[in-house]
Amino acid sequence: MYFRGPAVGLTFCCFYLSSYFTNKYVLSVLKFTYPTLFQGWQTLVGGLILHICWKVGWLEINCNSRSDVVLWLPGCALFVGIIYAGSRALSRLPIPVFFTLHNAAEVVSYGFQRLLFREKCPYSKIFSIFLLLLSAGCLPLHDPQFDADGYFWAVIHLFCVGCYKVFKKSQKSGSLSDLDQQYINYVFSVVLLGLASHPTGDLISALEFPFLYFYRFHSGCCASGILGFLLMLASVKLRSNLSSVQHASWNFVAKVITAGLSLIYFQITLTVPLTLCLLAGGLGEAVLVYAERTGV
């Protein structure tokens, strides 16, 4: 694997770890399980910071083309599906289990790419897809903390992630940059999640949240919004400064560090079969990075 750009890569890993730990703390420890509000808040904070950075000239955003914005709206809908379903899944599943299921999104994107773009894949990538599918498929059979709702939302999440990757790849010819797309995602998410907060019952239920006036909740929510934006920005910088293979390598490292440390800080019941499933998922992603690098 290539790990050039250590400063950018390590910064990305730090924000990745901090963001997931903060989200897990708010969702699972404090049990603030109202995704329209939590994700709406995160996208609002991210959108405001991104807008301010744009206005003061720190970042460049160009969303003047209405046709490009309209063409990107399906991506916005998939983005909302990713963060909403991901929030509900992460609140119920341990981080290593969530990552293993999340990685299975490669199976979805691989299927669509074969169907739509007729892409030929090297045998090593096919093997990695097999490992990712096998590990994700065996997880519910060997998870002593099996949660049906958590797995259901994880499946929705991974499907949206896979479709988002394919859709993003199909829009490469457009004039929207990664930051442009993310800015539109933020605006769309704030509006849609805000409108959905009352019909889903989250707005009323949140008024009875036991930690509503506690500083731990306030600081956790503020940190989650800021860290989410910083993680997004670090990811964009990583993609722009390094190759796609190097970006995938750092993403893999960030997941390994986050999943490993989560075993210390968050509750998880590890058994031998579950551990083998998690290791198979990690091996599958490592082989996928290797396949992207070598092309064989």
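Every residue, even glycine, has its Cβ placed from backbone N, Cα and C.
According to Swiss-Prot, the features are:
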TRANSMEM  7-29  transmembrane segment
TRANSMEM  41-61  transmembrane segment
TRANSMEM  67-87  transmembrane segment
TRANSMEM  93-113  transmembrane segment
TRANSMEM  126-146  transmembrane segment
TRANSMEM  147-167  transmembrane segment
TRANSMEM  187-207  transmembrane segment
TRANSMEM  217-237  transmembrane segment
TRANSMEM  248-266  transmembrane segment
TRANSMEM  272-291  transmembrane segment
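Within its own chain, the transmembrane segment (217-237) is flanked in space by residues 8, 11-12, 15-16, 18-19, 22-23, 25-26, 30, 32, 38, 41-42, 44-46, 49-50, 178-179, 182, 209, 211, 247, which lie at least six positions past its ends and keep a Cβ under 8 Å from the stretch. Distant neighbours of the transmembrane segment (187-207): 32, 34-37, 39-40, 43-44, 47, 73, 76-77, 79-80, 83-84; these residues of the same chain sit at least 6 beyond its ends, with a Cβ under 8 Å from one of its Cβ atoms. For the transmembrane segment (7-29), the partner stretch with the highest count of Cβ pairs under 8 angstroms, out of 41-61, 67-87, 147-167, 248-266, is 248-266. Residues 83, 177, 179-180, 182-183, 185-187, 189-190, 193, 221-222, 224-226, 228-229, 232 of the same chain lie 6+ residues outside the transmembrane segment (41-61) yet bring a C-beta within less than 8 angstroms of a C-beta in it. Long-range contacts of the transmembrane segment (147-167) within its own chain (CB-CB distance under 8 A, at least 6 residues past either end) are made by residues 74-75, 78-79, 81-82, 85-86, 88-89, 91-93, 98, 101-102, 104-109, 111-113, 116, 136, 139-140.
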